[in-house]
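Down below is the structure, laid out as structure tokens.
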Amino acid sequence: MRSIALALAAAPAVLAQSQLWGQCGGIGWNGPTTCVSGATCTKINDWYHQCLPGGNNNNPPPATTSQWTPPPAQTSSNPPPNNGGGGGNTLHEKFKARGKQYFGTEIDHYHLNNNQLMEIARREFGQITHENSMKWDATEPSRGSFSFGNADRVVDWATSNGKLIRGHTLLWHSQLPQWVQNINDRNTLTQVIENHVKTIMTRYKGKIFHYDVVNEILDENGGLRNSVFSRVLGEDFVGIAFRAARATDPDAKLYINDYNLDSANYAKTRGMINLVNKWVSQGVPIDGIGTQAHLAGPGGWNPASGVPAALQALAGANVKEVAITELDIQGAGANDYVTVANACLNVQKCVGITVWGVSDRDSWRSNENPLLYDGSYRPKAAYNALMNAL
């Protein structure tokens, strides 16, 4: 996840400061904790604080990892059918009927006791992505010591309910334990990456069909983001991770996933296409590109109107498939959601859409009301528009 951003040049500062849209805090962060003029350091989640323009009026709240509190348990005498089942009358079933693999959502272990949310997830969606419990800090907090309890709970729920699962994520610069960030030896980091990838994918082999092998590795100019992976290994970490993934589970589809890929001519979008083509030509087994699609409303810099051309451009890369992986839209405009759904329907390589949460109450952007269900778990106009359009 990431706040929607267009990277802009910032004025130089005498003291070290993070640039607009840069990181400015979070667990394990050792860089600048103040922002350049015109930006405010805003907590996105416990691990990531970001320099956002101006004040906090339109900034996302802390992620639900640390803030979410389950509502009182509610019982249902008539639980909805499993497998996204509703007699062909659910988002997932309608999307599949149009030739796609899935229409999915994001949940995590801290949602499992929320009966209202989970009933919607069970009824409407055919694919699940973990929000946080498969990230490195959750799965390997210390070297060689793995913890799978929370990730397992989500996998068990998904498999028992017939849901596809996207593994999110194997390598990410954020929510990364300090022991990994402290590595400065090439051979050590290579071994750590390979072991992390192989251990997770071995555990879930045959259960997870897509993996975001690397997540948010590009900067806004379309080059590699500065991270421990790029500092120690350069571009080689991409091949190391993908080759380890392919060797461990040859049947899983392997993705590179990023945000701000919502305009066909934006430098980051072009950089993604160029780098993926280069890496694939070098034998790196990248199967797909995931575009997160954390979108602004009309008038914002990355509205839904840019998605059709951007998705078509990404599909032009030398990959087998593309997917919209973390969709949410400021204000949840009905026309905006239909525009994004049609973009995927009109691109042959687009295999599916994942919305980043079930309801506005549980969204990392809850003050922007970006999802298909409101804070009381009632379907919104965007949901109804999608059902009618599909």
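The backbone N, Cα and C atoms fix where each Cβ goes, glycine too.
Per Swiss-Prot, the features are as follows:
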{"type": "ACT_SITE", "residues": "E216", "note": "active site, proton donor"}
{"type": "ACT_SITE", "residues": "E326", "note": "active site, nucleophile"}
{"type": "COMPBIAS", "residues": "59-82", "note": "compositional bias 'Pro residues'"}
{"type": "DOMAIN", "residues": "17-52", "note": "domain 'CBM1'"}
{"type": "DOMAIN", "residues": "85-389", "note": "domain 'GH10'"}
{"type": "REGION", "residues": "55-92", "note": "region 'Disordered'"}
{"type": "SIGNAL", "residues": "1-16", "note": "signal peptide"}
Inter-residue C-alpha distance, E326 (active site, nucleophile) and the residue listed as 'active site, proton donor' (nearest angstrom): 12
Which of E216, E326, all active-site residues, has a Cβ with the fewest other Cβ atoms inside 10 Å: E216
Three-state secondary structure, which DSSP defines for E216 (active site, proton donor): coil
